[in-house]
Amino acid sequence: MSFDLSVMSSKNIIVAVTGGIAAYKSAILVRRLKDYGFNVRVVMTQGAQAFITPLTFQALSGNTVHTELLDTEAESGMGHIELARWADLILVAPASCDTMAKFAAGLADDLLSTLYLASKAPVWVAPAMNQQMWAAKATQRNLNTLVDDGVHVIMPNAGSQACGDTGLGRMPEPEALAAQVQQYFHQAQRAIAEKFGLLAGKRVVITAGPTREAIDPVRYISNHSTGKMGFAIAAACYAAGAQVTLLAGPVSLDTPNGVERINVSSAIQMLEQSLALLDQGCDIFIATAAVADYRVAQVAEHKIKKAGDELDVSLVKNPDIVATIAQQQQRPFMVGFAAETRNIEEYATGKLLVKKLDMIACNDVSRSDIGFASDQNAMTVFFAQQYKLARRELEKAPKQEIAQQLVEAIHDALQHHKTPV
Ligand code: PMT
């Protein structure tokens, strides 16, 4: 699964480590949160420092570790109030029963308990302790108070404990904790995008990658498309609040987070799936796939044996997917692509008209630094006349950036249309 790291990199997490043997897991937790792209600062109680050193967390988080409430040096760097304001989420892991008691009682006698009171950020606690201490009435009473106060509790797991007991009290694995934090921010981001994103509420179908046209059971005709451009557009549409289905030819890319993916091989399969998706409802159809224009007339049932110096393979024209969809009665907003090596503008605008598209994005695939397989692209976008936008240049940039600019271009075109979809 892949994630939108740009969202996570703007989020600040305080990992608060309290005294308990599970503190060693917090080192991995910090590492995983950093892997997701979060900014992490670590706060340690005195008890935590008996189990693991601040230096470990400094190295892993890339930030000075905060241990003291009344330390003039620390306060001149990032004071406790500033730290409380900095946090988008405070994750206390492991949370000892002493810390839970302090939170429940509203004490403010060290840095962590003060932060708890001073911060508006959501607080998550992952209690970890001996099973008997967890079961103790006072701990359960404090737990209920914390839940009533709006703290999110990640319940401990059962199992064998470092002290030799067996029961509830083990901190969940750090990978699972980090994934929960990531999901929390991802869902929050998604809720905003679905309401306010440029393509909020739109259903988008995107074709991507090459098609493969079989010659016999072991050979095929295809092209150099890797699917990178189409996958980047799928991710950008999803980030803009759309519900996205990606019709992918044979490529080796991970599916963008939140995107539904349907794998196809040939042009005929891609067309069949496109028409089926149209029936389910589609507002915008984006055709980035490099569809083979021709397929083999008669696919051999068995592997063709080597014989003679020449082999004739007869080809027949494939249906044009984007033009077929554009002719349907319930027609979505149609975005085509054009891969050209010469007369780029002339050919691209020709395709816009002939295929009856609303918009076409053309790239020069004679260049090795953009287009097929490259991580970068540069495009000229042409719009059908009724959109009053004429053309737009997208300067060379990573395909992710080009994809975002295309989303903006689609949004703008929809705004300029007389009867927007
Ligand atoms: O996948 P990457 O490695 O990232 O490379 C990206 C890309 C270069 C493949 C992409 O940016 C691109 O240009 N895609 C369109 C490639 C192409 O087939 O262009 P075309 O000019 O042959 O086709 C014009 C349009 O008709 C395209 O939208 C195509 O999807 C569509 N088409 C073509 C033939 C066909 N039988 N059915 C179609 O729908």
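Using N, Cα and C of the backbone, Cβ positions are placed for all residues, glycine too.
Fair warning: this is a prediction, and the values are worked out from it, not measured in the lab.
The record from TrEMBL ties ASP293, LYS303, PRO319, ASP320, ILE321, VAL322, LYS351, LYS355 to CTP, and of the options PHE337, PHE372 it ties PHE337 to that site too. For the pair LYS355 (CTP binding site) and CYS163 (active site, proton donor), the C-alpha distance works out to 72 angstrom. Applying an 8 A CB threshold to same-chain residues 6+ apart, the list for CYS163 (active site, proton donor) reads ASN130. Note on ASP293 (CTP binding site): other Cβ atoms within 10 Å of its Cβ, all shown chains, come to 14.
Among the binding-site residues PRO319, ILE321, PHE337, LYS355, the residue whose Cβ has the fewest other Cβ atoms within 10 Å is PRO319.
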